[in-house]
Each structure stands twice: as structure tokens, then as C-alpha cells.
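Q: According to Swiss-Prot, the protein carries these features:
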{"type": "BINDING", "residues": "T56, N121, S198", "note": "substrate binding site"}
{"type": "COMPBIAS", "residues": "223-235", "note": "compositional bias 'Basic and acidic residues'"}
{"type": "REGION", "residues": "223-247", "note": "region 'Disordered'"}
{"type": "SITE", "residues": "Y114", "note": "site 'Important for catalytic activity'"}
Amino acid sequence: MSSSDCPSPLPTAPKLQVDSVTFPPSVISPASSNTLFLGGAGVRGLEIQGKFVIFTVIGVYLDPVSVPSLSVKWEGKTTEELTESVPFFREIVIGAFEKFIKVTMKLPLTGQQYSEKVTENCVAIWKSLGIYTDSEAKAVERFLEVFKDETFPPGASILFALSPEGSLTVAFSKDDSIPETGKAVIENKLLAEAVLESIIGKNRVSPGARLRVAERLAQLMKENKVEEDATKTDQEEANDLSLAKEN
């Protein structure tokens, strides 16, 4: 299922500013040209010699169809319940809707540094699940190759678009702009899922992004329920009126 197969209205999601990096309310995916809404954003950093050092700031965008899709099981849960729920974030990761990730640099990184750390996290996830195969090993090689000659100064961004079918589109930007097309497409569903899993999943590198996604989706699912109830009431009233006329 994609937004073109099952169009949903774009949720009202205000922009977020995280450590001087602004994430707009919506973006157009370089993989599909679909408009996705901002699910949440947060920093990735480490405690170094008693000081928290921020390396990157990460924004996560979702297809609007994710809201009714997730509402089936998770509507009514609080932000706290969703934040602590591994199955909820797993459902976002594997859900049949498009996702987009924007990773903006706060400190300079080389493509090699970034890609080696990401693939290290991905391989750890696969091995813990017992699903690391030759196909994934080849996808990792391709991922490392795409990043090999890249450098990312502060303010530059790495962009990932995850299709419902499982492809991972990789793009780069030296500023806040998002290119219309990606630099490379890697056809490996597990790699695409693992990139997002490493950010907001069980062993996430950005607890802040995970919290914001839970917070925003809890509110959007609540609003979705109100809209569904209103539509249902309108339909029932219309049916009652129709029956009254027939009688």
C-alpha cells in the first residue's frame, strides 16, 4: 500500500527545531514524489569526558496513511505507553507505508565513518534476529560503496527514503534542500528497515526522535478517531433520514 493507492489527508504536523536544525512540517520524497509529514526529530550524541556531544540531528517523516494504519492497534495509547512499546516502533519500521529520514550533521563526518557505523548497527540487529544472509552482506557492501567518497560538513544532510516495497533510496544534500532524485537505490528490505530501526527501535541511537514520534502519533491517532466518529455519526444520521423518508 502506498499513498497513491490509498490517499490519506496530510496530518497537521508543525515544524520542529532541534538544536538549531529546523525540520519542516512536510517533505516531498525523492523516491516517490509523495508528500510525507514530520513524525518526529531528535539528536544523536555521546557523553564524552562528562559532556554530551551531538553528532547529528535526525528527522523522521511518514506517509499520511501510517496514521489510520497504526490506529487499528494503537489508537488510545498514551505517549508514555507508545514510547516504551517495542512492538509499536517495530510496526512503524515494517509497516507498508513510505518513510523518509533526514540526518543533518552537527560535526563533520566522512562517508566512510558514517556508513561503517550504520552498517555495524544494522548487522548487529540482523544477527540478533538470526536473519543475516548473503543478500544482506551484499547490500552492506553496496551501502558502503555509495558513501565511500562522500564528506559531510556541518549542515550537510544524508537522506533515506524507504519504500513500502522495501527499497532504500539514498540521497545527499549540502544544505537544507532535498534533491528530487536519489543518488542510489539499494533493493534490500531488511537494510531499509534496519536503518530506521537503528534510529527509533529497541536500541535506538536517538531517544529524542523516538519520543517525538510517539508523542506526535499518539495525538494524530486521537484526532483520527475523532474524525472517524464524526464521519460515522454523519453517516448514521443520513441513513436514519433516508429510512424516515421511505416510511
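Using the three backbone atoms N, Cα and C, a Cβ is placed for every residue, glycine included.
Each of the listed features needs to be described in terms of its position in the shown structure.
A: The DSSP secondary structure for N121 (substrate binding site) is helix.
Annotation for Y114 (site 'Important for catalytic activity'): same-chain Cβ neighbours under 8 Å, separated by at least 6 residues, are F147, F152, I158.
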Q: Around the substrate site recorded as T56, N121, S198, what other same-chain residues have a C-beta within 8 angstroms of the site's C-beta center?
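A: Close Cβ neighbours, site residues excluded: R44, K117, V118, V195, I199, V205, S206.
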Q: Name the residues of the same chain, 6+ apart in sequence, whose Cβ is under 8 Å from the Cβ of T56 (substrate binding site)?
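A: Result: V43, R44, V103, T104, M105, K106, L107, L109.
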